[in-house]
Amino acid sequence: MLEELECGAPGARGAATAMDCKDRPAFPVKKLIQARLPFKRLNLVPKGKADDMSDDQGTSVQSKSPDLEASLDTLENNCHVGSDIDFRPKLVNGKGPLDNFLRNRIETSIGQSTVIIDLTEDSNEQPDSLVDHNKLNSEASPSREAINGQREDTGDQQGLLKAIQNDKLAFPGETLSDIPCKTEEEGVGCGGAGRRGDSQECSPRSCPELTSGPRMCPRKEQDSWSEAGGILFKGKVPMVVLQDILAVRPPQIKSLPATPQGKNMTPESEVLESFPEEDSVLSHSSLSSPSSTSSPEGPPAPPKQHSSTSPFPTSTPLRRITKKFVKGSTEKNKLRLQRDQERLGKQLKLRAEREEKEKLKEEAKRAKEEAKKKKEEEKELKEKERREKREKDEKEKAEKQRLKEERRKERQEALEAKLEEKRKKEEEKRLREEEKRIKAEKAEITRFFQKPKTPQAPKTLAGSCGKFAPFEIKEHMVLAPRRRTAFHPDLCSQLDQLLQQQSGEFSFLKDLKGRQPLRSGPTHVSTRNADIFNSDVVIVERGKGDGVPERRKFGRMKLLQFCENHRPAYWGTWNKKTALIRARDPWAQDTKLLDYEVDSDEEWEEEEPGESLSHSEGDDDDDMGEDEDEDDGFFVPHGYLSEDEGVTEECADPENHKVRQKLKAKEWDEFLAKGKRFRVLQPVKIGCVWAADRDCAGDDLKVLQQFAACFLETLPAQEEQTPKASKRERRDEQILAQLLPLLHGNVNGSKVIIREFQEHCRRGLLSNHTGSPRSPSTTYLHTPTPSEDAAIPSKSRLKRLISENSVYEKRPDFRMCWYVHPQVLQSFQQEHLPVPCQWSYVTSVPSAPKEDSGSVPSTGPSQGTPISLKRKSAGSMCITQFMKKRRHDGQIGAEDMDGFQADTEEEEEEEGDCMIVDVPDAAEVQAPCGAASGAGGGVGVDTGKATLTASPLGAS
């Protein structure tokens, strides 16, 4: 009788499942009730048959199949080995690991005719060969794998897996006949039996020959058979072992190969129809073991000794098992096996998932470590690269610094060399200047006497020339003679004779035909004579340089230039003549003279820019100055004075000396700026001229007459010098008295005032007595003659009087204009002069600016000017009229005197006088009139190297 074990069947599988019960939370608690009495077995056999069963068991001990006992021992040994490996002895609810190890004794009496019936086959025919068995065995494994994939997780995976692995027992692959097999599992089974306390002996077992002859079972086929829970499995397929009740046939029946449970199974009716009796299918010995092991309370079977050979009994008592019972047991086994397979599949799946997770964790951990390691390597690599780059940058920086230091040293050395060279040049230049200065000082002894300036010759006007109007004859112009031939007295007397002795014999027509016209040379005007009279030195032109060609010989200079060419134009001579290019054919080509195929513009190459001459510009200037000095010869520049040269007691003031030096230097610079070159003056040597040879040496006489000795008149007595000085002072007083009305309050410049005053004097519009003497005590020692009154004062005298007696400044009363000093106005009794002045102009004067027109009071028609002159002068006003700077009292300068227009013309020296004026302080200027005349500064007048006393006009 087969039944499903709730907690675990005894045997190999029961041992595995019993140890797993404690770890399975899914199983109910009621299934553990049977474990409380481990040694009590339930006897499912009726009491009436107990004796029979004991007898049957006693008889079946000798008739047991050796192969089944070996398989069971192997199963138990495998279970013990697996349990020892997988479990530890623990007590749960008083139940130990040996409680579920129930010894299963299968007491079956297998007769000579033993038949193994596979309930899954369609017929009970015996297979002819072993091929079907191997095929079914191979088909069982995929079905098992398919079932394992669908199991559920209901318990401990490890314990169940070990139990399933221990269920595999070694069974013959071909038949169940008693074949002598000697395997390693027997030793294991012996060991397992010893552990359970069984007294089985490990000895080789002999299987009786059920087939044609004895065969050795291979190890692989033995492993395919197993027993679990009293059910015999081949692989994973349960097998049922039947015995023939009749025992008629000889025991030469081959075992049928088993097929998996998963395949198509035939109904049990078809299986049982092959036997003579339907009710007697299984023997009592084949089912005694399952029935006895199904009850945990039944007593364990005593251990038995197995011999190597066991003869089959001729007759074995059998027990009837119904088909319904067999079918139920089979279904239960199938369900249990399916559940075990599902559970095992789930456990395997969970284990695979766990292993996969662990594998993934390991891989993630390994990947993380690799990433960390890689990151560290990258970090180290970057640090190494950064360190190498920093070292490289430091090396480059050090190299650059070294190169920079070397370049700096080179520049410093070059600069020092240049400075040394410049210092040497300056030293050489200083030595040359010193030599020149020494030469110039020595040359002062041999200096030529300079001729004083002569007044310009008056303009000469040609007389009436018929229909031509009179015209001016300039210095370089000469009137042509009216008669080319010279008039001789002989020719004149001959003409008179011919006129007196006229006769008709001579024909005038014949005379005209045969007479030859007279010839005369060109009218030549000698320019040398004019130069000789104007200068005491004859200027001799130096010969032309060797490199200058003669124009007459080489012809005119020509310019060949084209706008589309980059090549510079040609400037020079072109003397080649051609016979092909003419005026009528200007575009003809002369291939003999010119090559028209060559483009000279393409061959032109621009010159590379030269080196910088910033350091040598001063040298060039020095060279130019040296050249000019060489051209000047032994003459020193204008204004150059040696030590103590030209210094007199009157000129001892260093400030005035500096001012004069600056003025002369400025004049010299302006003269050089005009681009005038100097010519070397060479002396002309003229020998003695005798009185007899005057006609021959007429030109030389004219030159020498300029230096002829003349007798000077005897100088007057010393007393006569004082009236002469007084005369000049009186003339200045007279001019100043007439100038005051025009000067005081005038907004125009000194040039306009001087020109207007001279024009008035030229027209005779000024009265002789417009002013009074400076003081009552002053008396005229000499009455001016009409010629003196009619004489026009010079510009220099008028300018001197204006600068001495007035100042050009801005005062609260009026804007910038000329203000005469109060003491001067008081001395001439003209304090009432208006500001601005009321003067009737006879010349055109510039109009006043618009911004100041409002502050200027009306001056009547005398101050008005034409509108055209106003418009014309408004656009050319000087910027100095907008200057609002207040001058200090007593400060007189050239700019203050000139007003709107600066006087840049040179002052003409009148009568060779040179006056040095000492300007008093402001306190002296504002002194009373009486004190002013006595405290006036001294004025030195150099007239023929004579020093005169000061006059009251000297004080300002």
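Yeah, the Cβs are placed from backbone N, Cα and C, and that goes for glycine too.
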Among SER123, SER307, SER862, residue that the record in Swiss-Prot marks as phosphoserine
SER123
So which of SER143, SER269, SER315, SER827 shows up as phosphoserine in Swiss-Prot?
SER143
Going by Swiss-Prot, point out which residue in SER289, SER310 is annotated as phosphoserine.
SER310
Look up LYS182, LYS332, LYS361, LYS372 in Swiss-Prot and give me whichever carries the note SUMO1 cross-link.
LYS182
Consult Swiss-Prot and report the residue, out of SER464, SER803, SER844, SER933, annotated as phosphoserine.
SER803
DSSP puts the residues of the compositional bias 'Basic and acidic residues' (329-432) at 104 helix, 0 strand, 0 coil
Where does the mean pLDDT land for the region 'Necessary for homodimerization and competence for chromatin assembly' (642-678)?
67
